[in-house]
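Taking it in order: structure first as structure tokens, then the write-up.
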Amino acid sequence: MNVTFWRTQESAESHAKMAHSTGLVQAILFEAADRDNIGGSAYGGQRSICCTPDLAKLEGCKQGEVIRRPSSDDPDWPFVLETHFSGNHISVKLDNEEVRITKTGMYNLFFISCDPKLRGLKMSGKTVWRNPGGYLPGRMAPLMNFYVFMSLAYLLVMVIWSSQYIRFWRDIMPIQNWITLVIALGLFEMTLWYFEYLNFNSSGVRPIGITTWVVTVGAIRKTISRLLILSISMGYGVVRPTLGGLTSKVLLLGLTYFLASELLDYAENVGTINDISGKARLFLVLPDAFLDAFLILWIFTSLSRTLEKLQARRSSVKLDIYRKFTNALAVSVIASVAWIGYEVYFKATDPFSERWQSAWIITAFWDVLAFVLLLVICYLWAPSQSSQRYAYSGEAADDDDEEAQSLTKGTDGDVGMVKIDKDRSGGVSSAFSLEDEAEEDKRE
């Protein structure tokens, strides 16, 4: 510990220059499970950390000091370290002492002064904590191995996807280029997170430059992933060659989401250990959550329109793919809502972080969910010899030209053609009243 305490000038001047002890400050180190051994209450009244005249009679504590009862496991704990102001000095430095902790648990360090004359006391400095395996906090340490696993998983997907991509490069659809980019960003992000944690674990600090890079890559990956799902839901490359007039709105939404995600992740990780205050976190989480909810509503509205188009065009192959995609999205949304509920319950029922050993799962779940959804998209839109059968094929003249092409492949018998009149109504009205999307449908 390297900590200095500063009292007010008024408090310092109230003591003689040659006085020996003119103010006591105590550092209390204790395990969360032993929190009831700190403080007490007189006659069942309000609990007090400092020893009062009544508590001195009941507890046998020393008035003006912190009440401490020995732990049942170790009488030397909670650990107390004291320092005293001398004379009329305005500051005092806490002795640099190394404390060895032999029991696994969540530990708290409080700096307390029970002297009313030290009101307005300030402190500066730092404390250094180190686990047997390194400087990573216990709740973060499992994530380092998790990021190794995720990096290998993304690498495996990248190898398989790249081999198919190179093999069928002549039949690649535009949407498959974006899937390739998301896989690459996911691999890059997981690898960066691992090295950032590795550096933190070995040095005990989180360099702003490295962490900012990781956070920015993560925000880019999340943004592009969401825009990819939105574009697929709109039928990009399948029922429409471009997003047309919606392109600017999609890009604007993507830019807004990137900024919200970047600010939240930056505040939680850069230079800190994910310990920003509840109010500050809520201020940053709300825009991110609102944009996610808006995206989900827009995605399912667009999916509904795309499914209607495919049904009208009798595109059975594309319709089957989009139904599977819709089911996967629905499952992921339900899983997300359920996990948010569990996360709220987890934090509400563990105010002292005693379940810290499983806290890493809260963070890991979202990376696993994003990876699984990416696997589904890779499976449904994997590069193959028949990729172009799923692509937009100039349906302006006749809606079922694409279906006719798919039916004639591998069939020796007669093929019946049914002409479907194009629906010019613009589809079912959206909860967002996206007239631009309806107009784009008409232009197709």
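Just so it is clear, glycine is given a Cβ too, placed from its N, Cα and C backbone atoms.
Just so you know, TrEMBL annotations are computer predictions that nobody has curated.
The annotation compositional bias 'Acidic residues' is assigned in TrEMBL to 434-444. Under the heading domain 'GOST seven transmembrane', TrEMBL lists 142-388. What TrEMBL lists as region 'Disordered' is 393-444. Annotation source TrEMBL lists transmembrane segment at 146-166, 178-195, 207-229, 241-260, 280-300, 321-340, 360-382.
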Would you say the transmembrane segment (360-382) and the transmembrane segment (207-229) are in contact under the rule of three or more C-beta pairs closer than 8 Å, pairs 6 or more apart in sequence? yes
Which range out of 241-260, 280-300, 321-340, 360-382 gives the transmembrane segment (178-195) the most CB pairs under 8 Å? 360-382
Which sequence positions outside the transmembrane segment (360-382), separated from its termini by at least 6 residues, show Cβ-Cβ distances below 8 Å to it? 139-143, 146, 150, 153-154, 157, 161, 164, 173, 175-176, 179, 182-183, 186, 190, 222, 225, 228-229, 232, 321, 324-325, 328-329, 332, 335-336, 339, 343, 346, 390
